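Chemist: Handing you a structure now.
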Amino acid sequence: KKIDHTSTDVVTADREAAAVPEELPLPSEEPEDDKHQTEAPPSATTPARAVLKDLRVSSVTPNSVQLQWSVPGAPFDSFMLQYRDAQGQPQALPIDGGSRSVTVPGLSPSRWYRFHLYGLRGRRRVYHTSTEAVTAAANLDEPPIPSEELQSEDTQHRDPPVESPSTDAPLARAVLGELKVSSVTPNSVQLQWGVPKGSFDSFMLQYRDAQGQPQALPIDGGSRSVTVPGLSPSHRYRFHLYGLQGGKRIDRVSTDIVTGEPQPEDPKGKDPPTEATPSEAPLARAMLRELKVSSVTPSSVQLQWSVPEGSFDSFMLQYRDAQGQPQALPIDGGSRSVTVP
């Protein structure tokens, strides 16, 4: 049930003017010793105590790279990841200050990329570190997407045998719980799972898109939910979640889902009314406040909000795209920020 909602308007940055925010020019791709570069003047010693460390590549697919880092000192308000795409165009990805990992999608196979991670306080760059990565080949012998042929119910969701050799037996103690769908829209699906035993270094979600092309989404090992965007309405998908340790598949669970039907457009463009009835008045104690824009790029917007009273099971962000089509993005109930790509 939608209990409360709040709205905000935003204008994305001018793509013609700058593909990267003006205060964050993309560094030269020439080799340089910039891993510990700061922009604070010598007198501003306090901001310099915030330090970025250990930017590294934790997962690679033909179309994406997952990066991780640490902040051993004072925290940052936010981060900004910058890189150049396969066409050489600069890209900027805003990241919440509490994050320690990010997945960069939409990359090209077998291509070298250099990523620059900035730590920000306010809109000032306080620290900068870089790393390089080469995406996997399109025909890389990675965990294949299982056959999409229908299987009998008793084998459809059975976990596969552990693939580690006998010397890796201790890794097999990590087990994936049930993979279930927590939210469905015409264009996205939110999945949740548990890890009742052991732990995984990372996860890999695999599925085929509406055109039958395999897709792979790397997920941080601490996550227990993921939202898969860019799906097609009224389409059947089968999702396979792999638990990985040391780059090896240890366990797998699967689930099937059909995305929702296309939503009719609201001719008046008004915010949808809340659905709570008078008899559900106690639920209204949960309140949304201060929906604000924390970062803007030509292709994305980062929003933040607060929940001063009560709690919500989940959130749903709705907006219209550049073509006027309604879009809906489900968000975990514990989140207080989201990047709309």
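Placed from the backbone N, Cα and C atoms, the Cβ positions cover glycine too.
Heads up, here are the entries from TrEMBL:
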type	residues	note
COMPBIAS	1-17	compositional bias 'Basic and acidic residues'
COMPBIAS	18-27	compositional bias 'Low complexity'
DOMAIN	51-143	domain 'Fibronectin type-III'
DOMAIN	175-265	domain 'Fibronectin type-III'
DOMAIN	287-341	domain 'Fibronectin type-III'
REGION	1-46	region 'Disordered'
REGION	138-168	region 'Disordered'
REGION	258-281	region 'Disordered'
Chemist: Helix, strand, coil residue numbers for the domain 'Fibronectin type-III' (287-341) per DSSP?
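Modeler: So the domain 'Fibronectin type-III' (287-341) is made up of 0 helix, 37 strand, 18 coil.
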Chemist: Across the domain 'Fibronectin type-III' (51-143), what does the mean pLDDT come to, as a whole number?
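Modeler: Averaged over the domain 'Fibronectin type-III' (51-143), per-residue pLDDT gives 87.
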Chemist: Per DSSP, what is the helix/strand/coil residue tally across the domain 'Fibronectin type-III' (175-265)?
Modeler: 0 helix, 50 strand, 41 coil
